[in-house]
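**Q** Just dropping this structure here.
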Amino acid sequence: MEKQPLPTDDEKTDAGESEVNGYAGEESQQGSSSTRAGWNSKIEYFLAQVGFSVGLGNVWRFPYLCHQNGGGAFLLLYVLLMLLVGIPLFFLELAAGQAIRQGSIGVWKYISPRLAGIGYSSCVVCFFVALYYNVILAWSLFYLGNSFQHPLPWEQCPKHGNVTVKECEKSSPTSYFWYRKALDITDSIDETGSFNTYIVCCLLAAWTVVCLGMFKGIKSSVKVMYFSSIFPYVVLFCFLVRGLMLDGALEGISHMFYPKLEIWADVQVWRQAATQVFFALGLGFGSIIAYSSYNPKNNNCHRDAFTVSFINFLTSVLATLVVFAVLGFRAKNKVIKCVVGNLKELSEQFHSGYVDQGLMPVFNYSDPKSVALGEYRSWFKQYGSNVTGNLTDCDLEKEMQKGVEGTGLAFIAFTEAMSLLPGSPFWSALFFLMLLNLGLSTMFGTMEGILAPLSDRFKTLANNKIKLTVFSCIVGFVIGLLFTQRCGNYFVTMFDDYSATLPLIIVVVFETFSVSWLYGADRFLDDIEAMLGWRPSVVYKYLWKYICLLAMLGLLLATTIRMFIARPTYMAWNQEKASEEYLEYPGWALAVLASLIIFAMMPVPVALIHALLQDRRKPRSRDTEIGQYSIVSTVDTPMTDMSELDHRNGVATSVS
């Protein structure tokens, strides 16, 4: 039997025409309890989507990947994957949310009850991410509070009497402050330790801010986003201008963007680029669907997909320029100190008779800072091996590779660079306030990915959304106390590396398959045409059915193989050595890690089995079964409560 056609234009009604053709006004949002909230303007929607997709990863993950994987060549690879995979999947989620006007649970249940588990899995992953993401906000709050003093507490090593603390002396003031003062970290994940009182208080403050921001849903969170989504760009431009004026900035940027095209032959580079595209856009979380569900039906979500994606990419490039301009300055300072120290030692050895006159370079020993780095390194490569002592190469590239990813970048490398700037407390406060705002806008989107689907699915929760918000934040804080122990940073690493990556990839694989094959890419394009008034290119059909699906399956396979090839490890801090080292996760930690992945994916098979059992108990005609896959009604109705939509869809199904 042929699939049911969608209603024609003649069958449309004029109900809610004012809201469909524009964004919901304040009065229409508050007028009735059955009215679904809507954005007051396109600007609000853009701030929300950009704020969610542009997060901490743009500042401390993308620059590291770009530097480690070929610089300019990685940028080209990233753009290619963004165009072929990222934007089409982003468009798919935007269109699905805007068409059905429900959260992730409702969207996939609407397509088929057997797919409802996809939405529940998205909610679980969002909850996992929210747990550890807010801990990073707590760390930012702690550093922000410590920035209002001069000198900064991480500028110099503390002393006990007249003796410098050995742990700090062996490492650096910034490393010591991060690992010992902020985290008071244990040597391994096996050693739990007590709760860190300061971080507990900061975590409570972070969850309080999130709760207040989400108190009235998007109507309250978007007011915060006017600041939290725009302020980071102001800070990044300030840092860019200041960074370009620093000695070593150009060296840092040139190291950053120097293209190494040979990396395109490395499968791991493709995997890292695809993963970064995937997480940078926030695919699979359900937050994109939730935010899009508050749009009017004729909103141009196709243009939105390109705009938000390229804003995200340009933000990553801007952050990369800032990071490596500042890190270039930091590295230049370190290698100059290295050269000065080596020339001092070389001079002492010469006067002691340990170095021949013929090996001595012709440098100005009275002013070693004036010696060019290139000249010193040329001499060292030629004669360094013939000189006794501990002379080193003073390699700028190696210095730039130290601590440039994740928390190592934000709380060690960048803080050290800022401590060298005049007015360091000002720049430090500005930087951590930027991190706080980047994290907040992402947290709002993550929480919306939890609250919106649950409210749409369960009417009781929809009627008590404020209580649901407060309860979710309280539960998040209580469970988040796990991360405030002395070993908490190791659990943050575990959650960051494993609780979201594999489950989200599987979620997006199911999303892509269900739309392009189960529902049908042609039908989905038909629905988008009915919604927007024009038909997107047929290229999307082939991208969704083949390119995107195969790319996600390849990413899933590569990620899984990587997990099983080598035992998972984490970066630990050895107090005695005062250095970082990689340790393997113990058996119980691997069990926790596996449980996180299994728990996140469990809703998918459970929902499928539940739907199959329901089908067996209530046999249906084939006409009715086909009817349940109808995704978009072309009737121009206002944004209504989902219970009314369900009732209306039920009537339509019975009539068919």
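A Cβ is built for glycine as well, from the same backbone N, Cα and C atoms used for every other residue.
As annotated in TrEMBL:
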| type | residues | note |
| --- | --- | --- |
| COMPBIAS | 1-15 | compositional bias 'Basic and acidic residues' |
| REGION | 1-35 | region 'Disordered' |
| TRANSMEM | 45-63 | transmembrane segment |
| BINDING | GLY51, VAL54, ASN58, ASN312, LEU438 | Na(+) binding site |
| TRANSMEM | 75-96 | transmembrane segment |
| TRANSMEM | 117-144 | transmembrane segment |
| TRANSMEM | 197-218 | transmembrane segment |
| TRANSMEM | 230-253 | transmembrane segment |
| TRANSMEM | 273-294 | transmembrane segment |
| TRANSMEM | 306-327 | transmembrane segment |
| TRANSMEM | 426-445 | transmembrane segment |
| TRANSMEM | 466-484 | transmembrane segment |
| TRANSMEM | 504-521 | transmembrane segment |
| TRANSMEM | 542-565 | transmembrane segment |
| TRANSMEM | 585-613 | transmembrane segment |
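Each of these features: where is it, how hidden is it, and who are its neighbours?
**A** Away from its own ends, the transmembrane segment (45-63) comes close to residues 23, 39, 136, 218, 221-222, 225-226, 228-230, 232, 256, 276, 279-282, 287-288, 291-292, 294-295, 299, 304, 307-308, 311-312, 315-316, 319-320, 323-324, 404-407, 409-410, 435, 438-439, 441-442, 444-446, 448 of its chain (Cβ-Cβ under 8 Å, at least six residues beyond either end).
Of all Cβ atoms in the shown protein chains, 29 besides its own fall within 10 Å of the Cβ of LEU438 (Na(+) binding site).
Taking Cβ pairs closer than 8 Å, the transmembrane segment (273-294) reaches residues 24, 36-39, 45, 48-49, 52-53, 57-58, 61-62, 65, 69, 74, 77-78, 81-82, 85-86, 89-90, 93-98, 100-105, 107, 119, 122-123, 125-126, 129, 218, 301, 308-309, 312-313, 316, 445-446, 448-450, 452-453, 456, 500-501, 504-505, 507-508, 511, 551, 554-555, 559, 639 in its own chain, all 6 or more past its ends.
Sequence-distant contacts of the transmembrane segment (504-521) (same chain, six or more residues past either end, CB-CB distance under 8 Å): 3, 89, 92-93, 96, 108, 111-112, 115, 118, 121-122, 125, 278-279, 283-285, 540-541, 544-545, 548-549, 552-553, 555-556, 559, 601, 604, 629, 631.
Within its own chain, the transmembrane segment (542-565) has Cβ neighbours under 8 Å at 81, 84-85, 88-89, 92, 267-268, 271, 274-275, 278, 498, 501-502, 505-506, 508-509, 512-513, 515-517, 521, 524, counting only residues six or more beyond its boundaries.
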**Q** Go through 75-96, 306-327, 426-445, 466-484 and flag the stretch with the largest number of C-beta pairs under 8 Å relative to the transmembrane segment (230-253).
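**A** Per the Cβ under 8 Å count, 306-327.
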**Q** Give the number of CB atoms, excluding that of GLY51 (Na(+) binding site) itself, located within 10 Å of its CB.
**A** 27
**Q** Could you tell me what the rest of the chain brings near the transmembrane segment (585-613), counting residues at least six beyond its ends with Cβ under 8 Å?
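**A** Same-chain contacts beyond the flanks: 112-118, 120-121, 124-125, 128, 189-190, 494-495, 498-500, 502-503, 506-507, 510, 567-570.
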**Q** With pairs fewer than 6 apart in sequence excluded, do the transmembrane segment (306-327) and the transmembrane segment (75-96) have three or more C-beta pairs that lie under 8 Å?
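**A** Counting Cβ pairs under 8 Å (6 or more apart in sequence), the transmembrane segment (75-96) reaches the transmembrane segment (306-327), since there are 3 or more.
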**Q** For the transmembrane segment (197-218), give me same-chain residues lying six or more residues beyond its boundaries with a C-beta closer than 8 angstroms to one of its C-beta atoms, as numbers and ranges.
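**A** For the transmembrane segment (197-218), the far contacts come to 37, 39, 44, 48, 134-135, 137-139, 141-142, 145, 182-183, 224, 291, 294, 440, 443-444, 447-448, 451, 465-466, 469-470, 473-474, 476-477, 480-481, 483-484, 488.
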**Q** Could you name the residues, excluding GLY51, VAL54, ASN58, ASN312, LEU438, of the same chain that surround the Na(+) site, i.e. Cβ within 8 Å of the Cβ centre of those residues, in sequence order?
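**A** Surrounding the site, in chain order, are VAL50, PHE52, SER53, GLY55, SER229, PRO232, THR315, SER441, THR442.
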**Q** Please indicate, using numbers and ranges, the residues of the same chain that are 6 or more beyond the transmembrane segment (306-327) and have a C-beta under 8 Å from a C-beta there.
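**A** Answer is 46, 49-50, 53-54, 58-60, 62-63, 66-67, 75, 78-79, 82, 86-87, 90, 233, 236-237, 239-240, 243-244, 246, 249, 252-253, 255-256, 280-281, 400, 404, 409, 413-414, 417-418.
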